Amino acid sequence: MAFKRFQKATAEHGTPAGPEAPSAATIAAEQRITALAVFLGAVASIGGFMFGYVSGQISGFFDMEDYGRRFGEYNPSTGAYDFSAPRQGAIVGLLPAGCLFGSLIAGNIADTLGRRMAISVSALFCCVGNIIEISSESSWAQFAVGRLITGLGIGSLSVAVPMYQSESSPAILRGVLISTYQLFITLGIWTAEMINYGTHNMTGSASWRIPNGLSFLWSLILGGGILFLPESPRFAYRKGREDEARHTIARLAGLDTDAPSVNQQIDDIRIKLEEERAGATTRWYEIFTGPRMLYRTLLGITLQAGQQLTGANFFFYYGTTIFRATGLSDSYVTQIILGSVNVFCTFGGLYVVKKCGRRNALIAGALWMMVCFLVYSFVGHFKLDPVNPANTPQAGNVLIVFSCLFIVAFATTWGPLVWAVVAELYPAKYRAPAMALATASNWLWNFLMSFFTRFITDAIDYLYGLVFAGCCAMLVLVVFFFLIESKDRSLEEIDTMYLLHVNPITSSKWNDKLPESADTSGRQSRQPSSHGEEHMEVP
């Protein structure tokens with residue numbers, strides 16, 4: 001019934017299609033890359049920088065003398081301060097736990113306050129959590145609770161930022177701008193590692209309080225800077241502000257307000273909104289029961305969980321611990337090397353997003369990461385001396401090399417692309433709650449990995465990598481059989497493709513041409529009737 005209402009709304013109010021309507025390629029060609037669109041993507045992506053920064057700094061804290069003395073446990077046999085698996089897991093894991101809850105409430109905040117204000121309020125939560133962390137004196141529980149509060153803000157940002165970017169960006173830039181969220185995550189990780197390296201030899205609390213306190217600065221920049229940007233045009237239109245929506249679309253694409261592609265996008269938004277309003281009031285459970293929504297909701301959950309199950313954060317959360325076990329004298333240096341590879345290759349990932357299809361890149365990346373983890377696991381388990389790693393330097397070098405190769409694959413594919421794909425996956429009616437649930441699955445697996453990794457590696461050491469290798473193999477199958485190619489298509493066009501059950505395997509070839517008066521691609525088209533009017537023709 002909902003899909004029939006969609007057809008009716010399109011027939012009554014839709015803009016010309018077929019030969020009279022601009023195609024996706026024509027719209028993309030008309031749009032231009034503007035400074036405002038780039039600035040919008042960069043400012044909003046500071047939310048990703050904040051996540052990367054707080055994630056990257058915690059690994060280095062555990063090797064800092066003052067941090068260990070304040071929050072660790074004294075080990076008489078070594079004369080040093082250590083962190084037990086439960087304590088280290090709690091300190092690391094409460095951040096993604098907070099992110100899990102933050103992502104679940106982000107949809108309601110974004111729909112109530114708007115996309116911009118949701119981002120600004122989320123940044124405020126991060127400030128509060130940061131104050132709790134910095135003021136900790138000797139209670140590791142207080143520091144962990146501060147990370148929990150910070151996580152509420154970070155988790156909310158992880159939903160609101162890609163949502164804002166996807167709804168605001170021109171089609172030709174949408175994938176790149178959303179993927180800057182992941183780029184800024186890698187920049188945040190790298191920045192934290194560099195600052196940790198510069199302060200870790202300090203004997204006082206400045207060693208960890210300086211890098212921790214800088215988190216406050218990033219929150220202020222984002223919370224204030226986002227207020228100087230326009231509201232999402234799709235949110236503005238849904239609130240009855242059509243002129244504002246039209247003006248924003250035109251400015252971001254570098255066009256006149258009456259340009260064909262601007263008119264087309266406004267009409268597409270209107271058609272979708274009228275179809276929604278023709279039905280009953282939206283309920284939260286409709287992200288499972290709405291037209292073609294169970295398929296997309298489960299796919300989004302799987303892809304976001306898959307980003308974690310590739311194993312990337314295994315290196316970022318426990319990097320200094322892992323590489324100390326290979327016999328390196330300064331594991332901070334290795335973390336900087338990995339972080340630098342991550343940042344550099346994520347720039348390559350933006351090129352992949354712009355030039356390559358989503359499906360092929362995700363499949364190739366998952367296969368590449370699977371091979372890296374297979375080598376990493378078997379070499380680490382069978383060739384590395386667990387008692388004195390310095391006796392097996394070749395094995396240690398292999399681990400570092402394949403760790404870098406893994407990060408190359410992640411940073412160019414699953415790192416940036418998942419945020420773009422999930423942000424494109426849902427119709428406006430369900431976008432906020434569906435993205436919140438999908439992102440929550442990312443944070444849930446983030447928490448499980450951060451909390452239980454120490455327990456698992458203590459039991460099976462490097463064979464833990466086989467778990468991630470198996471997950472990467474499964475992700476290849478998920479993308480191949482279930483994900484529709486969405487590169488360079490409008491959000492409304494992507495929605496139509498899912499509604500019409502376009503075959504994911506051949507979706508890159510889907511178009512609006514009608515051989516022999518039949519729409520074999522599955523897209524609605526207009527044909528002139530004998531009375532001079534238009535009617536809908538649907539397969």
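Each Cβ is built from the backbone N, Cα and C atoms, and glycine gets one as well.
Please treat TrEMBL annotations as automatic predictions, because they have not gone through curation.
Residues annotated as region 'Disordered' in TrEMBL: 1-23 (among others).
Residues or ranges marked as transmembrane segment in TrEMBL: 33-54 (among others).
Here TrEMBL flags 40-487 as domain 'Major facilitator superfamily (MFS) profile'.
Remote same-chain partners of the transmembrane segment (90-110), defined as residues 6 or more beyond its termini with a Cβ less than 8 Å from a stretch Cβ, comprise 51, 54-55, 58, 71, 83, 118, 121-122, 125, 129, 140, 143-145, 147-160, 163-164, 235, 317, 432-433, 435-437, 439-440, 442-444, 446-447, 450-451. Summarising the annotation, TrEMBL assigns transmembrane segment to 90-110 (among others).
Nonlocal intrachain contacts for the transmembrane segment (117-134), taken as residues 6+ away from its ends with a CB within less than 8 angstroms of a stretch CB, comprise 44, 47, 50, 98, 102, 106, 109-110, 142-143, 145-154, 156-157, 160-161, 164, 209, 212-213, 215-216, 219-220, 222-224, 226-227. The transmembrane segment annotation in TrEMBL covers 117-134 (among others).
The transmembrane segment annotation in TrEMBL covers 140-164 (among others).
Taken from TrEMBL, the feature transmembrane segment covers 171-190 (among others).
Distant neighbours of the transmembrane segment (210-229): 39-40, 43-44, 46-47, 49-50, 53-54, 57, 60, 116, 119-120, 123-124, 126-127, 130-131, 133-134, 150, 153, 157, 188, 192, 195-196, 199; these residues of the same chain sit at least 6 beyond its ends, with a Cβ under 8 Å from one of its Cβ atoms. Feature annotation from TrEMBL assigns transmembrane segment to 210-229 (among others).
For 298-320 (among others), the entry in TrEMBL reads transmembrane segment.
Per TrEMBL, the feature transmembrane segment maps to 332-353 (among others).
Sequence annotations record features per position, and here TrEMBL assigns transmembrane segment to 360-379 (among others).
The annotation transmembrane segment is assigned in TrEMBL to 399-422 (among others).
TrEMBL lists 434-456 (among others) with the feature transmembrane segment.
Per TrEMBL, transmembrane segment is recorded for 462-484 (among others).
Residues annotated as region 'Disordered' in TrEMBL: 511-539 (among others).
Annotation source TrEMBL lists compositional bias 'Polar residues' at 518-530.
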Exercise. Is the count of Cβ pairs under 8 Å between the transmembrane segment (434-456) and the transmembrane segment (171-190), pairs 6 or more apart in sequence, 3 or more?
Worked result: no
Problem set entry | the transmembrane segment (332-353) and the transmembrane segment (140-164) contact flag, 3+ Cβ pairs under 8 angstroms | no
Problem set entry | Stretch contact, the transmembrane segment (171-190) with the transmembrane segment (399-422), Cβ-Cβ under 8 Å, 3+ pairs | yes
